[in-house]
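What follows is a set of notes on a single structure, which appears directly below.
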Amino acid sequence: MFNSFGEIFRFTTFGESHGRAIGVVVDGVPAGIEFDEEFLKNELARRKPGKNRFSTQRKEDDLPEVLSGIFEGKTTGTPIGVVIFNKDQKSKDYSNIKDIFRPGHADFTYFHKYSIRDYRGGGRSSARETAARVVAGAIAKMILKELNIEIEAGVIEIGGVRAKNEDFEYAKKSEIFALDKEKEKEWIELIDKAREEHNSLGGVVKLRIKNLPIGLGEPIYYKLDNVLASAIMSINAVKGIYIGNPNAHKLTGVENNDEISKNGFLSNNAGGVLGGISNGENIEIEVYFKPTPSIFKPQKSIDINGNEVEVNLKGRHDPIVAIRGSVVVESMAACVIADMLMLNMTRTIENIKKIYQ
Ligand SMILES: Cc1cc2nc3c(=O)[nH]c(=O)nc-3n(C[C@H](O)[C@H](O)[C@H](O)COP(=O)(O)O)c2cc1C
Ligand SMILES: C=C(O[C@@H]1CC(C(=O)O)=C[C@@H](OP(=O)(O)O)[C@H]1O)C(=O)O
């Protein structure tokens, strides 16, 4: 595998949004890590649906049941299996679009690929699956905590309205947005308006990884930047990412190069990666989410027999997905970094000798 993470730390998820449960098997976790179940629950609570009017109204507890891989509070080095039972499926939400494809969602492509229309709901394509990724991310973060590596993400733009840079510091801590009350008010009004108009909004999430050592990432193919991109782009509704200064393509070389001093880089337009390898600065990434596809306005579509129809959706959907998506961004980044750290251990003879001599 050269373009997605999983050389050492890897996971696979299972389940459907409208099935009995979702879950994850995480493998490649070193033995002896304190397994912080409260932290895992908190991470799931940060992403869980139904918390406020800025998210879907589907109510799930998202309580994890740890099935394996932990003994007396520590990881055993064997696969960690975690399951989350679904509680609030309400598949009838989808009964009136049983044979119809939702514009912007994966119904059309899934049906053409598999010739099966699982009309209970979005199934595997629903971002309900991202709860399982948050479990994997929480376990990765338990590894990173041992090394003092921090990962944080927050919304910096909603419906085209961008926060001031410094708002990021607040956005990541706040339940919803910035402590800049002006900006928060503007964003909340935008979301309320979109919801009243049965519409939805896109957004931008900023991801920051702090305290990384120099040297993570392989120079060719398994670069830190392309692996992070692949992992983050695999999140539902993510349409692009930008590593480093998102205006770099508009700058000149003189403006964009980060000059170097004996104390480190004098700026961070590179976003912490050079030649696919971490350079010791913070990793800075912007992640661009599209607007939620399920909206409650009549739209043109077709049914599975190719007849043109009007779609009128019911159900419970996020007016904007970037807010809850920010937790998933952190989780995917944590998994990549955990994997890269362990892989890096094998990359010099000095490191190998440190383990075996
Ligand atoms: C946290 C999160 C929540 C989401 N909630 C919804 C939702 O309520 N309704 C919806 O139609 N799409 C939602 N999405 C987006 C869809 O899952 C996604 O757009 C769909 O699977 C099609 O994939 P694509 O947009 O990546 O092409 C959500 C995405 C994320 C990350
Ligand atoms: C259930 C969650 O979010 C869901 C993500 C989603 C989608 O299409 O992505 C559609 C909605 O749910 P359903 O699958 O029931 O249609 C959201 O409520 C969750 O995040 O836990």
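For all residues, glycine too, the Cβ spot is worked out from N, Cα and C.
Note: TrEMBL annotation is automatic and uncurated.
Per TrEMBL, the features are as follows:
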BINDING   ARG47, ARG53  NADP(+) binding site
BINDING   ARG124, SER125, SER126, ASN236, ALA237, GLY275, LYS290, PRO291, THR292, PRO293, SER294, ARG316  FMN binding site
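Projection of TrEMBL feature records onto the structure.
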| residue | record | Cβ neighbours (10 Å) |
| --- | --- | --- |
| ARG47 | NADP(+) binding site | 23 |
| ARG53 | NADP(+) binding site | 11 |
| ARG124 | FMN binding site | 17 |
| SER126 | FMN binding site | 19 |
| ALA237 | FMN binding site | 22 |
| LYS290 | FMN binding site | 17 |
| THR292 | FMN binding site | 23 |
| SER294 | FMN binding site | 21 |
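Following the DSSP three-state reduction, the secondary structure of SER126 (FMN binding site) is coil. With a CB cut-off of under 6 A applied against ligand 2, the binding-site residues ARG47, ARG53, ARG124, SER126, ALA237, THR292 are reduced to SER126. Overall, the recorded FMN-binding residues ARG124, SER125, SER126, ASN236, ALA237, GLY275, LYS290, PRO291, THR292, PRO293, SER294, ARG316 cover a maximum inter-Cα distance of 44 Å. The separation of ARG47 (NADP(+) binding site) from SER126 (FMN binding site), Cα to Cα, is 14 Å. Under the three-state DSSP scheme, THR292 (FMN binding site) falls in the coil class. Distance between Cα atoms for ARG53 (NADP(+) binding site) and THR292 (FMN binding site): 15 Å, as a whole number. A straight line from the CA of ARG124 (FMN binding site) to the CA of ARG47 (NADP(+) binding site) spans 18 Å. Cα of ALA237 (FMN binding site) to Cα of ARG47 (NADP(+) binding site): a span of 15 Å.
A straight line from the CA of LYS290 (FMN binding site) to the CA of ARG47 (NADP(+) binding site) spans 18 Å. In this structure, the binding-site residues that sit close to ligand 1, with a C-beta under 6 angstroms from any of its atoms, are ALA237, THR292, chosen from ARG53, ARG124, ALA237, THR292. If you take the Cα of SER294 (FMN binding site) and the Cα of ARG47 (NADP(+) binding site), they are about 19 angstrom apart, rounded to a whole number.
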